[in-house]
């Protein structure tokens, strides 16, 4: 069992220490540094707050900034505003469950305070389990326990770690995705698909994970061609691919349909408290009552695409402006690392990359000792995931987003070229740096 493994216990202990330190620093700096007054979503508090509520807000209020307000608002009020639908329901549902467990304290705490406590406690738990899941995944993919160990530690120290502590869905998404990857590496395709599907209900970027399932199924198909009926295996492959796409796409489709019923079908609007209606009037937020939004008349009425375009200005090359140069510089280190790692891997395994990771050498009968660490053949699909994410994110998202989302999942280091590091850094640092991808927190998508 994993608790008896010394390295896993050390990873768990380190994750707990990092999370405690993060929460303490959050409370300290939230108290001594004035908040930045940005035009961010900040709904009014409908319930009065007592002394205990103020104490909870002073200790944990730093976890509720920026997009965390959306998740807290959705957990408390549901999806009332159009732009709330940019945030998927998995994490708000988890917060609601956590709040129900705190129901005995509702006479002492407001719902808002219970939600903040749920954010802190649940993300604490999700983060610890994600670090352990990443360690296990690294051992399976890298066949190098030492690098897997360092990968998990570096995941805990990521500069983007704040998103794993605050009221964001990152920690839950990381846990589900790392666990799904680990199950897939163990050959448990159905369990992996279920976890990937749940992850899609947490963040839309979970859709990208279908590539892992499809690649695994294609590997199984090609490995069985010489032994079994090809036509039967091809039919089985097509059915598996369809089922994978359907399973991971279903949570996304259901959520889009729910939005359609709220904004595009008559009589589906819910009553909204007057202060929240006034906020919509003051800020120009769209609510269900009123004129139907333009996306209702699209051939495929996807509210998610509309919100990303209208509210966040996300689209092809839309972020390429002179005033965004500082953000391009911010993204440069991770970009260089991923490009460097991709080049290193491709030049080391050209045939493997040419065959999309399905055949290691031209001669199938050639027996070679498998590479360990970053150059392991199993790393291919994770590196492709990181490279595609970086390419798509750099062209179609806010350019700093791919950098931070790759960073917060510990995958920025695929970029480290093993040979150069061996000549420029100490062996121990080399192991730590080169482990960043392999433990492949491997890029999982996500954009704010």
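Using N, Cα and C of the backbone, Cβ positions are placed for all residues, glycine too.
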Among 295-315, 358-378, 379-399, indicate the range for which TrEMBL gives the feature transmembrane segment.
379-399
Against which stretches of its own chain does the transmembrane segment (85-102) lie, if we need a Cβ under 8 Å and a gap of at least six residues from its ends?
67, 70-72, 74-75, 79, 109, 111, 114-115, 117-119, 121-122, 167-169, 172-173, 198-204, 251, 255, 259, 303-304, 307-308, 311-312
Can you tell me which of 147-168, 234-260, 379-399 gets the most C-beta pairs within less than 8 Å of the transmembrane segment (189-214)?
234-260
With contact taken as 3 or more Cβ pairs under 8 angstroms (pairs 6 or more apart in sequence), are the transmembrane segment (12-33) and the transmembrane segment (147-168) in contact?
yes
Taking the transmembrane segment (328-346) as reference, which of 114-135, 147-168, 234-260, 379-399 has the most Cβ pairs under 8 angstroms?
379-399
Intrachain residues whose Cβ lies under 8 Å of the transmembrane segment (114-135), provided they are six or more past its termini:
2, 7-8, 11-12, 14-16, 19, 23, 56-57, 60-61, 63-64, 68, 71-72, 75-76, 94-95, 98-99, 101-102, 105-106, 148-149, 151-152, 155-156, 164-168, 171-172, 174-175, 178-179, 182, 410, 439, 441
